[in-house]
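Enquirer: Quick paste from Swiss-Prot:
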- 1-36: zinc finger (ZN_FING)
- Cys4, Cys7, Cys30, Cys33: Zn(2+) 1 binding site (BINDING)
- 369-421: zinc finger (ZN_FING)
- 1099-1145: zinc finger (ZN_FING)
- Cys1102, Cys1104, His1124, Cys1127: Zn(2+) 4 binding site (BINDING)
- Cys1116, Cys1119, Cys1139, Cys1142: Zn(2+) 5 binding site (BINDING)
Amino acid sequence: MLLCDSCNKGWHIYCLSPPLKHIPLGNWYCLECLNTDEETFGFVPGKCLLLEDFKRIADRAKRKWFGSGTVSRTQIEKKFWEIVEGSGGEVEVMYGNDLDTSVYGSGFPRIGDQRPESVEADIWDEYCGSPWNLNNMPKLKGSMLQAIRHNINGVTVPWLYLGMLFSSFCWHFEDHCFYSVNYLHWGEAKCWYGIPGSAASAFEKVMRKTLPDLFDAQPDLLFQLVTMLSPTVLQENKVPVYTVLQEPGNFVITFPKSFHAGFNFGLNCAEAVNFATADWLPYGGSGAELYRLYRKPSVISHEELLCVVAKGNCCNNEGSIHLKKELLRIYSKEKTWREQLWKSGILRSSPMFVPECADSVGIEEDPTCIICQQFLHLSAIVCNCRPSVFACLEHWKHLCECEPTKLRLEYRYTLAELDMMVQEVEKFGGCKTQETKISQRPSSGTKRSIALNKKEGMQVSQARPADKWLLRASKVLDAAFSSVEYATLLKESEQFLWAGSEMDRVRDVTKSLNKAKIWAEAVSDCLSKVEGEVNDDSMKVHLEFIDELLRVNPVPCFNSGYLKLKDYAEEARKLSEKIDSALSSSPTITQLELLHSEVSRSPISLKKHEILSKKISSAKMLAKRAKRYLTDAKPPGIEMDALFKLNSEMLELHVQLPETEGILDLVKKSESARDKSNKVLTGSLSLENVEELLHEFDSFSINVPELNILRQYHVDTLSWISRFNDVMVDVREGKDQRKLISDLSSLLRDGASLGIQVEGLPLVEVELKKASCREKARTVYTARKSLDFIEQLLSEAVILHIEEEEIFVEISGILSTARCWEERASTILENETQMYELKDLVRMSVNIDAVLPTLQGIENTISSAETWLQKSEPFLSATSSMASSPCSMLELPVLKDLVTQAKLLNVQLQEPRILETLLLNCERWQCDNHQLLQETEDLLDNAKIDDGTHSNILPKIMDLITRVDSARRSGLALGLNFDELPKLRTASLKLGWCCKTITLSSSSPTSELLEDVGKPSLQHIQQHLKEGQTLEILPEEYYLGKRLMELKDTGLEWAKRARKVVTDSGALALEDVFELISEGENLPVHAEQELQSLRARSMLHCICLKPYNSRSMVSCSQCGEWYHTYCLKLHWRPKAYVCSACCPLAETTPQIDPARATEPERPSLNQRRTRMVATDAAVNDLKWKTRKHIKRTTKRSPQVHILPWFFT
């Protein structure tokens, strides 16, 4: 027993999957604990992600390892193997592998997929049927996988793979050693490492040698896809390794039993599937044996695949060679094990269940071995103690503890059938091999005696009992039937049936025994039922079954009941002929019932018995229905079709019924009623004719459709006449016209749809027109109508002779008043008129009850004039006040539109002339200001400054500024929002800027400039240029700006040189420094701060005669001079120091305390940073505060400044 070091459960080492040969060293964990351990190596199921989320995680992983810069693939590959070998740190990535394309979709088009509109149908069909389409490749002609009936994910149905950086697939080969093809759709490349199939054994040896502990604990480690080993290690151990870099659009094919591994350089998407050509078959057999060895469940049954391919003849000549070799291998293996089981005492056998689709490979029918987990297609061992558990022939001893005699061999093919399968493949392939020649067996046509002198081994030992069995079987077949002896012989024959063609005679005799046993038992069973007087018809024996038994010739065996059964069958046939005779004539119900009673007493079931029963039942049912039709009560509602159907059924039944004559009379009367009704319907229907026919068939109970139509016509006509009389009374009494119209309309509509002609219909139509005309006249008072409507209404009244009625006389007066108003309105609209006249016409129209056509034009004219006055009000107000605030500026285009619209008004007004005057003033102002703006632009473009010329330009500019401001004020006074107002303001500001530019750029160096009086500073120049940028003035476009830019560039260039000299630590000679100072003093711009820094630079210090810098210095306590500590060779700054000039007799260096002669400790990082910041800041504001006055004359060091930057 092997104990798990986690759960402490015990396991037999031979029961493990795969079994272990010995107890492994170190800790060992069972499969359950390995699957539940969260920190185990390998792959862990991840969560479900959307593609966008997966992309985001992939990008984040790549940035984590290599940042956002570019990285070569060589660097990525190196880092990957460093991580694998443990020196590159830990990495956790996600790999979307084994995604079923039937669920998530394929990257290749499929026939069932919806075609995008952008792809043409021909191209789509071409790619759907392409052999390089991975959905088609497994089932192509020549592929062994086309024999598989079901779709197997990853084998016959492609899988999708979504990878990211460092996601990998470990060393493995495909299931069943299949070929595989992988296509990269998009993304980063995929790196492959491959081992040739010929070096697979060497590869496994190196893996076991390198990782002995893992393989001792898990011998099937390479099946788990969790082991990665560097190609370098494999190559060092003489294992050939090849590398392939797969780019998008590339196919990669792996060969059978070829170990391969790899990883992804980044986010990508690939698709892969398996396929198997005929040369794969030997590798497939090797793979199946590996599954058996390691007790791993296989994907398909390799033996079933071979049999299906062999029976289907789907291999060519070259493929048949590989197929024959594999069939011979499984034949030899099956033959050896079956013979060993026979020797071990397993004599019972039975054929396996044959599936419905035996011509294709399935995955659900075959059982699996309880030990090695393999499909049991060819044979299996089973025991009655556990009938649902099976074992293969190799592991039969582990099935149960029962004796071998209680076990049973189940087989799908006999050895003879397998041998025939090999010969068929050989015949189809067209070639023979030495192996197939050896495998051939004698045909089944050999004599019963087997030549024992030509047999050896197992065949000899099995042939002797077979001969004995055949001898016994011959005697039993010649004797009378005995169920016990037959069962014994059949049970004993099971030990021979699975064998080869040498047992064909046994199989033939067994079939004869089975046939005889089935026939004899059937005869005995039938005879027992016939003689047992069974009353239940369902338990009787059918005559057809007895005839089938009696037709067997010759009889398989002797049975004493055969002749008795023959006599019973003869009596049943005579009774059947009697039934035929009765049915062919026209019997009565009584005769049929007597015959039915005789048939029911027969011990044999006749098929015509049921026909006779149905005949009697139908006759009784028809007679019952006929009596109901012919009863004295004569119930109404009998349909004519039902009567005709009953008559037809009674005639077709061929049974004599007393009700037949009565039904026939009803049928004749119905036909007569139908013919007369049709004759009336086809002619001109009058009320008298219809009433005459209905009176004739008043008491007829059959529903004749045509007669029913006439009855309905008659009822509808009588109802309409009654309504007509009532409405005519209302017409004469002059009731409500609206209700009268409704009643007359309904009456007219119903009368037109009557099937019978009525006389009052024209009168209804005339009265309806009159009522409608009166109702229209009434609406003139409720809602105004047009003059055309009123004229038409009066015309209708004249036609209907009702024009003298009071309402139509009043309407005629309204029409005359409206005509007079229209004539006056037309006259006014033809000429311009005053507003009050138009409004008088509108007031008059209120009292006229009609729609006046010209009224809308009058109202539109008034509305247009009022709208124009409302829009003009702001301009009229601005004209009167002669001022407007900026927030209420009016637009000039609006004014122009108003002046144009005024010309279209058909009203006499004073306001349009006022707006025309205002528009003329505005256009004159625009013309004047256009010239002023052009003059300003010319002055700015052409102004030049020379020595003494600025005195001539400035007055012109000032005069122009005055004129521009005056024009702007006059434009504001007009109260309109002119486009020129902002331009005038900008021109004024630009002219002011030019004045200031002339002032800054025209200062000439005079004697006053020695004291920096009159010079502009660089800050002032830059500020002024920024103000010009705000005004959108580009200095390079104007001469004045160019001159100012030159001054700025000159000052900045000198300041840059000065800054460089100040910080050069004394590199520049003093003469050059003084020359630079002189140059700066003569600059046309003010640079005092830079000059002070240069003057400070000209001060030299220390014995090195260098200017001040940021390095450590010490001051003399007497003269105040500064010295560099490194020039004095001091390791630290003393509290007090006296220089050699002040103390010439002293030593060069002061006495230093020996205890402090060592260099102090290095300060901390924070202290050093603080000192550096302080040192930089000291450059700007250091002052020689520690200098002291001494006897000899010295100068204090001025404050030192860093030159400022003036770059914008």
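Heads up, the Cβ atoms here are built off N, Cα and C, so glycines get one too.
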Enquirer: With Cys1116 (Zn(2+) 5 binding site) as the reference Cα, tell me which of the binding-site residues Cys30, Cys33, Cys1127 is the closest one.
Expert: Cys1127
Enquirer: Cβ within 8 Å of the Zn(2+) 4 site's Cβ centroid: which residues qualify beyond Cys1102, Cys1104, His1124, Cys1127?
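Expert: Everything else in range on the chain: His1101, Ile1103, Lys1106, Met1113, Tyr1123, Tyr1126, Leu1128.
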Enquirer: Which has the fewest other Cβ atoms within 10 Å: Cys4, Cys7, Cys30, Cys33, Cys1102, the binding-site residues listed?
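Expert: Cys7, out of the binding-site residues Cys4, Cys7, Cys30, Cys33, Cys1102, has the fewest neighbouring Cβ atoms within 10 Å.
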Enquirer: Can you check how the pLDDT averages out over the zinc finger (369-421)?
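Expert: Averaging the confidence scores along the zinc finger (369-421) gives 93.
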Enquirer: Could you state the whole-number distance in Å separating the C-alpha atoms of Cys1127 (Zn(2+) 4 binding site) and Cys30 (Zn(2+) 1 binding site)?
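Expert: Distance between the two Cα atoms comes out at 79 Å.
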Enquirer: Can you tell which of the binding-site residues Cys4, Cys7, Cys30, His1124 lies nearest to Cys1142 (Zn(2+) 5 binding site) in space, using Cα positions?
Expert: His1124
Enquirer: Determine, from DSSP, whether His1124 (Zn(2+) 4 binding site) sits in helix, strand or coil.
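Expert: SS state of His1124 (Zn(2+) 4 binding site) = strand.
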Enquirer: Which one is it: of the binding-site residues Cys7, Cys30, Cys33, Cys1104, whose Cα lies the shortest distance from the Cα of Cys1119 (Zn(2+) 5 binding site)?
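Expert: Closest by Cα distance to Cys1119 (Zn(2+) 5 binding site) among the binding-site residues Cys7, Cys30, Cys33, Cys1104: Cys1104.
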Enquirer: What same-chain residues, at least 6 away in sequence, bring their CB to under 8 Å of the CB of Cys1104 (Zn(2+) 4 binding site)?
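Expert: Result: Gly1066, His1124, Cys1127.
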Enquirer: I want to check the contact list for Cys1139 (Zn(2+) 5 binding site): same chain, sequence separation of six or more, C-beta distance under 8 angstroms. What comes out?
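Expert: Listed in sequence order, they are Cys1116, Gln1118, Cys1119, Glu1121, Tyr1123.
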Enquirer: Could you check what DSSP calls Cys1116 (Zn(2+) 5 binding site) once collapsed to helix, strand or coil?
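Expert: Its secondary structure by DSSP: coil.
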Enquirer: By a simple count of other Cβ atoms within 10 Å, which of Cys1116, Cys1142, the binding-site residues in the record, is least packed?
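Expert: With the binding-site residues Cys1116, Cys1142, fewest surrounding Cβ atoms within 10 Å: Cys1142.
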Enquirer: From the Cα of Cys1102 (Zn(2+) 4 binding site) across to the Cα of Cys33 (Zn(2+) 1 binding site), what is the distance in angstrom?
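Expert: For Cys33 (Zn(2+) 1 binding site) versus Cys1102 (Zn(2+) 4 binding site), the Cα atoms are 82 Å apart.
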Enquirer: Neighbour count first, Cβ atoms within 10 Å, every protein chain included; then name which of Cys1119, Cys1127 tops the list of binding-site residues.
Expert: Cys1119
Enquirer: With helix taken as DSSP H, G or I, strand as E or B and everything else coil, how many residues of the zinc finger (369-421) land in each class?
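Expert: Grouping H, G, I as helix and E, B as strand yields 16 helix, 18 strand, 19 coil.
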Enquirer: How many neighbouring Cβ atoms, not counting its own, are there within 10 Å of the Cβ of His1124 (Zn(2+) 4 binding site)?
Expert: 19
Enquirer: Roughly how many Å separate the Cα of Cys4 (Zn(2+) 1 binding site) from that of Cys1102 (Zn(2+) 4 binding site), to the nearest whole number?
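Expert: Approximately 85 Å lies between the Cα of Cys4 (Zn(2+) 1 binding site) and that of Cys1102 (Zn(2+) 4 binding site).
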Enquirer: In angstrom units, rounded to an integer, how far apart are the Cα atoms of Cys1102 (Zn(2+) 4 binding site) and Cys30 (Zn(2+) 1 binding site)?
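Expert: Cys1102 (Zn(2+) 4 binding site) to Cys30 (Zn(2+) 1 binding site), Cα-Cα distance: 85 Å.
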